[in-house]
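Per Swiss-Prot, the features are as follows:
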DISULFID  CYS3-CYS17  disulfide bond
DISULFID  CYS4-CYS11  disulfide bond
DISULFID  CYS6-CYS22  disulfide bond
Amino acid sequence: RSCCPCYWGGCPWGQNCYPEGCSGPKV
């Protein structure tokens, strides 16, 4: 699965890879 944009909390087609937002690390 792809990552959602960092400024989104989540999206139907991907996972939230930026739980701390755009300023946080990608997980």
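Including glycine, each Cβ sits where the backbone N, Cα and C put it.
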Whole-number Å value for how far CYS4 (disulfide bond) lies from CYS22 (disulfide bond) (Cα to Cα): 11
Where CYS11 (disulfide bond) sits in the secondary structure, as DSSP reduces it to three classes: strand
CB within-chain contacts under 8 A for CYS3 (disulfide bond), separation at least 6: GLY14, GLN15, ASN16, CYS17, TYR18, LYS26
Lowest local Cβ density among CYS4, CYS11, CYS17, which the record lists as disulfide-bonded residues, within 10 Å: CYS11
Among CYS6, CYS22, which are disulfide-bonded residues, the residue with the most C-beta atoms within 10 angstroms of its C-beta: CYS6
